[in-house]
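**Q** So Swiss-Prot lists the following for this protein:
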- GLU42, HIS575: Mg(2+) binding site (BINDING)
- CYS61, CYS64, CYS569, CYS572: Ni(2+) binding site (BINDING)
- CYS64, CYS572: Fe cation binding site (BINDING)
Amino acid sequence: MVNVTVDPLTRIEGHQRISTEVDANGVITDAQSSSLIFRGFERILQHQDPRDAAFLTQRICGVCPLSHGLTATNALDELYGVAEHVPKDALVMRNIFQGLNMAASHATHIYVLWAPDLANPAYKKVLTPLGDTGNAVWDEMLGRFAPISYKMDGVPIPAGSSYLAAIPEKKRLQEMIALIAGRMPGPSALYPGGYTYPATVADITKLSTYYLQIMDFISAHTLRVPFDTWIENTYKASSPTKAVSFVTEHLTDLINKSTTSNDFSKEAGWGDTEFYAAFGSELVGEKLLGLPASLKHDTIGGYQDPSKICFVAYGGYYKPTDGYDPRSPAGDRIFTSGVVSGNLEYLKFDPDKITESTAHSFYQNSVNDLPPVKGETVPFTDPEKIVYTGGSDSQYSWDKAPRYDGIAGEVGPLARMLNIKEPLVTGLALALAENGYSPANVYTRMLARIQETAILAYELLNWVTVDYEPGGKISVPLDFNAAKDSQGMGLWEAPRGALGHWISTNGSGKVANYQCIVPGSWLMSPRDSNGIPGPLEQSLIGSKINPVGEVDYTNPVGIFHMGRSYDPCISCAVHTIDLTGKCAPNTLRIL
């Protein structure tokens with residue numbers, strides 16, 4: 001057995017350590033996911049004016065500040081008793097804020113944080129021996145996704161075309177948010193009861209111009225099939241079967257045109273989505289389309305025991321009507337709340353079933369498995385107890401372990417797409433399950449994020465040009481007495497998944513307790529009080545460190561793929577580094 005530790009896992013937000021035990025066949029037999037820093041924002045908020053939460057919590061993360069601000073605002077809407085009266089145009093503008101932030105986050109993750117692993121030399125070793133086709137595929141992967149300042153065998157590699165093109169689009173999306181929310185990051189327009197800035201006709205016109213530029217990027221790089229055709233036949237398809245059939249037929253046409261010429265370029269119709277949809281999956285690429293090889297990403301990052309995992313979504317994006325029910329996100333959200341079991345059975349979401357365990361975390365809470373409204377944040381203060389190398393039976397992470405009805409929950413794009421029964425992602429998950437694969441894996445996780453980005457582009461156009469009406473009512477007044485001895489719950493969807501804020505106030509109307517459960521905690525959590533691993537840990541166990549080719553303990557590209565496929569944000573999950581140096585990483589790999 002070989003210990004393979006990635007410490008830190010780079011190209012994520014924050015500091016993460018993944019330790020694995022690997023057998024002679026390259027299969028991971030045990031894993032620990034350790035978040036290396038402690039978050040103190042809940043303690044900062046105590047004794048503050050509740051309204052400050054909408055601004056202070058944005059400082060938890062610079063990538064998704066709007067998600068925290070909106071979630072806090074949702075909690076404050078309930079605290080002040082105004083959720084059912086928030087004007088329609090305020091809710092639509094909140095949708096626009098979040099949609100732009102989520103699209104920017106997804107674009108950053110897909111192209112800058114995750115895709116560079118497709119230029120890993122491990123794939124060159126597998127593809128180039130396949131002759132002209134293999135060489136053509138490898139050249140495309142390198143030419144699209146290589147990061148800046150990249151070298152292979154000491155030779156500088158030009159940055160990939162898709163990688164470079166995505167960077168200014170991230171900037172453009174940030175500028176769109178700043179135009180209507182005041183600034184980005186840390187927008188100032190959020191406020192309980194609505195929002196503060198009445199966007200003008202000129203603002204909407206400028207947003208529309210920006211939008212067209214974003215669509216130019218999508219059509220040039222992300223999707224070469226016409227965007228409306230893609231949406232109509234996937235997101236709007238009448239069934240999962242029809243959505244999958246559309247994609248496989250489209251890919252078959254591309255393959256028939258490209259195999260003789262070995263032209264897999266964007267000019268030949270191979271957008272980044274089409275390219276990964278075909279070559280990323282063993283089932284789709286090799287077994288359905290007859291390709292000579294694939295990256296086999298559907299064979300890693302899955303779950304061995306469906307009874308120990310579920311897919312949780314709190315719901316996001318309000319319907320364009322006045323008011324909403326903060327405790328029933330299934331009824332008034334475009335992305336509905338819900339829970340899907342590991343066997344793809346649909347269940348009703350109940351927020352009262354959420355708890356957090358600290359059995360394997362660096363906390364000295366008085367009670368384990370607490371509901372978030374009663375949550376405690378009491379960290380270890382003795383450096384001797386903060387050890388990351390004690391194994392699965394020890395305490396080894398600053399992350400707590402959120403659970404839904406006692407079960408680990410994957411959150412994020414895949415969970416959202418499954419819960420809204422999005423035809424393409426649901427169809428792929430069902431097809432994989434029917435053929436003996438885990439329905440959740442690196443391949444479906446990444447395609448879900450790509451598909452969600454396309455859906456957001458579609459929905460944003462409606463929110464900006466149809467649903468929002470300049471000059472409409474954007475807020476309602478607050479009764480500050482309503483916030484005394486009160487509670488509020490904010491449930492929302494951040495780019496990385498389900499995000500919840502819980503607030504309690506005292507008789508003076510100040511914050512008595514504040515708890516956040518963030519997507520990174522759901523995804524990267526350690527084991528719970530029952531010894532059940534978190535989602536990342538479960539997805540690692542049973543997977544190979546190299547999805548293709550020979551076992552290479554020095555280049556475990558499979559671990560990189562699996563860890564980054566969740567788009568973890570440890571900056572959200574935990575927040576103060578160990579300054580003693582006692583627990584400094586003993587292995588440093590910059591990859």
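Quick reminder: no glycine exception, Cβ is built from N, Cα and C everywhere.
What you are looking at is a predicted structure, and each value in this text was computed from that prediction instead of being measured.
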**Q** What's the CA-CA gap between GLU42 (Mg(2+) binding site) and CYS61 (Ni(2+) binding site) in angstrom, rounded?
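**A** Cα-Cα distance, GLU42 (Mg(2+) binding site) to CYS61 (Ni(2+) binding site): 14 Å.
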**Q** Please state whether DSSP places CYS61 (Ni(2+) binding site) in a helix, a strand or coil.
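**A** Once the DSSP labels are grouped into three classes, CYS61 (Ni(2+) binding site) ends up as coil.
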**Q** Looking at the binding-site residues CYS61, CYS64, CYS569, which one has the fewest other Cβ atoms within 10 Å of its own Cβ?
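**A** Per-residue Cβ counts within 10 Å for the binding-site residues CYS61, CYS64, CYS569 bottom out at CYS61.
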**Q** CB neighbours of GLU42 (Mg(2+) binding site) within 10 A?
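**A** That number is 20.
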**Q** Helix, strand or coil: which one is GLU42 (Mg(2+) binding site) in, per DSSP?
**A** helix
